[in-house]
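Novice: Got a structure here, written out as structure tokens. Questions coming.
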Amino acid sequence: MMITLRKLPLAVAVAAGVMSAQAMAVDFHGYARSGIGWTGSGGEQQCFQVTGAQSKYRLGNECETYAELKLGQEVWKEGDKSFYFDTNVAYSVNQQNDWESTDPAFREANVQGKNLIEWLPGSTIWAGKRFYQRHDVHMIDFYYWDISGPGAGIENIDLGFGKLSLAATRSTEAGGSYTFSSQNIYDEVKDTANDVFDVRLAGLQTNPDGVLELGVDYGRANTTDGYKLVDGASKDGWMFTAEHTQSMLKGYNKFVVQYATDAMTTQGKGQARGSDGSSSFTEELPDGTKINYANKVINNNGDMWRILDHGAISLGDKWGLMYVGMYQNIDWDNNLGTEWWTVGVRPMYKWTPIMSTLLEVGYDNVKSQQTGDRNNQYKITLAQQWQAGDSIWSRPAIRIFATYAKWDEKWGYIKDGDNISRYAAATNSGISTNSRGDSDEWTFGAQMEIWW
């Protein structure tokens, strides 16, 4: 008994050491931003995004607290074979109070198995909810190739001349399909699952320090037996992507060309939309004239072109630069599309290895296909920043900023009660829209941003 008791502390110590080693193996990654801001005309910080654009220039122009908390662990390894479990929970609040409750978004929960298929060395099979090979422009927080969601696939199959990846994911629309419920009337509504099938070929050597990635995405509405889509709904579509990445000046330049059809045009990033329905509504003009806007599904029949160039480079020891230029044209058969182009730069001057000054200048211009009118906005931000390193990507960062924006909006989306419809009208038409008119504003504040 004495021997057993004497061995007990050693056993406890060994067990504690094993559990500690296991606990230390957990990977903790994430992203967060938060701050406080004011508006020159009074009140809390306003943020500026031109009506019709899908994103905005983000420096000194983010009005929410947002966080992604990722926990993952390699749960099994034998030789070069392994299983990795990954999760991600995201939060977003308006940063107005100390206590702001919100429902978290469970954005990732997946398992990735590496080198499990003997005859496909280096490949990874996976299943679950996942951020899947996302492509974005950081300075405008714009994701131009992103099929994230619940799914499964195999990636990084070595073909010798490039890496092949295959995946299937899903995104669901509310109220998109209908079935007979009573008296032979389609009045029972069910959400519609939109499936996306993705094929990518990456790592194609094109020139010194240059690689090409090609991709094809097919998305379609997958209705349940006994249900049907609303007449005229966009049922499917394609998206084709070619992206050339050039390593240069201690950074990179990416040139992207994308073409999409029908259901793949709304979001323009690889997820299908078009099975959802919308109700008719009536708009009354100041003179009493009433205009009826008929029931119209999210009919996305048409096409989208996007040409994009963006990058981040170093210009000597003291300067860094982010930049973006993009043209996007969504041409729909129902005449509700838009033409959007944007250009912006964010130079960084490094006073010390941990202190810098940033200047972001961005311009957006959006034309309504329905009205022919244009909205435009200039946005300028000057920020003084302290960051963990001398790269334009160094984080965490704490910055103080001042932002000025001037806009002139000639059109807006027509209001349907508390909602915004997909119909557009000129600002001077007398119809109630979400157009901001012709004005300007400035804001100032402080913000932290971190990824790890």
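Numbers run from 1 along the shown chain.
Every residue gets a Cβ built from N, Cα and C, even glycine.
Okay, so Swiss-Prot annotates it like this:
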- 1-25: signal peptide (SIGNAL)
- Tyr31: site 'Greasy slide, important in sugar transport' (SITE)
- Tyr66: site 'Greasy slide, important in sugar transport' (SITE)
- Trp99: site 'Greasy slide, important in sugar transport' (SITE)
- Tyr143: site 'Important in sugar transport' (SITE)
- Tyr252: site 'Greasy slide, important in sugar transport' (SITE)
- Trp393: site 'Greasy slide, important in sugar transport' (SITE)
- Trp451: site 'Greasy slide, important in sugar transport' (SITE)
Novice: Mind checking which of Trp99, Tyr143, Trp393 has the fewest other CB atoms within 10 A of its CB? They're the recorded sites.
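Specialist: The recorded sites Trp99, Tyr143, Trp393 were compared, and Trp99 has the fewest Cβ atoms within 10 Å.
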Novice: Restricting to the chain of Tyr31 (site 'Greasy slide, important in sugar transport') and a gap of 6 or more, list residues whose Cβ falls under 8 Å of its Cβ, or answer none.
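Specialist: Non-local contacts for Tyr31 (site 'Greasy slide, important in sugar transport'): Tyr66, Ala67, Glu68, Ile450, Trp451.
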Novice: Given a separation of at least six residues and a C-beta threshold under 8 Å, show me what packs close to Tyr252 (site 'Greasy slide, important in sugar transport') in the same chain.
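Specialist: The answer is Thr245, Gln246, Gly311, Ala312, Ile313.
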Novice: Rounded to a whole angstrom, what is the C-alpha distance between Trp393 (site 'Greasy slide, important in sugar transport') and Tyr143 (site 'Important in sugar transport')?
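Specialist: That comes out at 18 Å between the alpha carbons.
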Novice: Based on DSSP, name the secondary structure state of Trp451 (site 'Greasy slide, important in sugar transport'): helix, strand or coil.
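Specialist: In the DSSP reduction, Trp451 (site 'Greasy slide, important in sugar transport') maps to strand.
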Novice: Quick one: Cα separation, Tyr143 (site 'Important in sugar transport') versus Trp99 (site 'Greasy slide, important in sugar transport'), in Å?
Specialist: 31
Novice: Hey, what's the Cβ neighbour count for Tyr66 (site 'Greasy slide, important in sugar transport') at 10 Å?
Specialist: 15
Novice: Hey, what's the Cβ neighbour count for Trp451 (site 'Greasy slide, important in sugar transport') at 10 Å?
Specialist: 13
